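Notes follow the structure.
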């Protein structure tokens, strides 16, 4: 610190940094390496870093998507491909919906005074921290029993004739059911974080747009949205991350056809054989978040700090 | 006239979609859960068929030693991860608050653990903690130390280590941001007056960072009560009930024991606990803002 202009630090400092890097990405490296190893090599520990990488685990995991039949497989057991597609559909749609609704609501809360504004902003704040475990019981009950279309109604009959099945048509077991709870769960956070970005948009710009004859929706989409892109990116990443990684609520709502990747990992993690396959599945689940981190770390940090500073 | 009413409606049009979804899928379920916590409720019944039992679910929980243990484990877990992470994260931020090249790359690498799915974090750590072929035991062996039965003998410690690995960077990044936005003048003045590095940290940096640190601590504490997946994959709550935190116990009560009423009562207790923490955080930031305004006001009066 005695030479403020120098960037040179002592040797111990670099060792500390090297250790920190090793510790933070080491486990991710283990995930990657093990996903490229055969089961026997994972448990015996033979070779360490020197081994012949194999994509066999990925072939096993993705067997339902492959156009050819891997030699080592007699039977496609882990249907990771289908789960991957489910995860993708659910995470993308719920992120898009959360962002659209959340930005609009945040805009209303920042720019307008209206009846119910205070109660809305207070209640969003109060439920911002709601854990999925708290929602498990009511969501299970409601999505299975209440949020249903009776089988005797017109729409219910139509759906039953088109898609088959018996009984009432309920939200549980559908993509929409999982998307609905993810959107609701993420909205408070997104509204709250975007408010701090919208406040910074100069009001004069919006007024100028209004003078030029733009309506409120035009002003919102053409003037406000482009200016809060960093906030939108941060909110999108956080929402996607939760929807993509969530296990508990999805496991309560999904059925065999709508299963997401985290459910599949938890269901198969306890089995003894297929260690390599489960690592490959985990690696595939980790790829989108890793990509986000590498390409949008600035936005992630912005979002995180905005969250803490504003409280 | 039509134009006027359109203006009046505008805020409602903007707020309506989000409000509707939250009412339907967030507030209604919470009310439903609170209502259900007063009823004897089996998963095969719809809630209208259930019987009202008053506070029986809560009474049963308060008398249940398994619930006590689970509550205790939750508190121990939450408070130990938060204190370890605060100490580590803040000291790392103080150490690394220098002008070095590659700082942004370093931060990027540090965020990685937080972004990866908790399920995957659990998976990797379960492998690393494995008694015979786990990475940690192999490292211990390599330096001549005895092997440790991590998940069998020290399950809570293992779970805490995994969480500290995943979330210390969160504290680090927030404290680093706080450090870098400190007023340069105060630090400069201290340096000119000959304060040592330790004195600068204790008397200038930490007090000035305190508001952000307190909010960070509360945010992290609230999150620590929500952890579930890492523990589920790592230990499944076991052995025995040693790592069965409340969130996990709710899931098990609902699924395995099929006692939805009791699970709802437990959810309600967890919710109230978190609500208190959230409102505490809210009150703190409000107080902080008011104080800052007051300070600015008096400064203007004087100047």
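Positions of Cβ are set from backbone N, Cα and C atoms, glycine also.
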Stretch carrying transmembrane segment according to TrEMBL (options A:220-244, A:245-269):
A:220-244
For the transmembrane segment entry in TrEMBL, name the matching range from A:122-143, A:144-165.
A:122-143
With pairs fewer than 6 apart in sequence excluded, do the transmembrane segment (A:179-199) and the transmembrane segment (A:122-143) have three or more C-beta pairs that lie under 8 Å?
yes
State, in range form, which of A:12-33, A:83-110, A:220-244 has the highest count of Cβ pairs under 8 Å to the transmembrane segment (A:179-199).
A:83-110
Taking pairs 6 or more apart in sequence, does the count of Cβ pairs under 8 Å between the transmembrane segment (A:12-33) and the transmembrane segment (A:274-295) hit 3 or more?
yes
State the residues, same chain only, that lie 6 or more residues beyond the ends of the transmembrane segment (A:83-110) and have a CB under 8 A from a CB inside it; answer 'none' if no residue qualifies.
62, 65, 117, 120-121, 175, 178-179, 182-183, 186-187, 190-192, 194-195, 198-199, 220, 224-225, 228, 232, 235-236, 239-240, 243-244, 250, 254, 257-264, 284-285
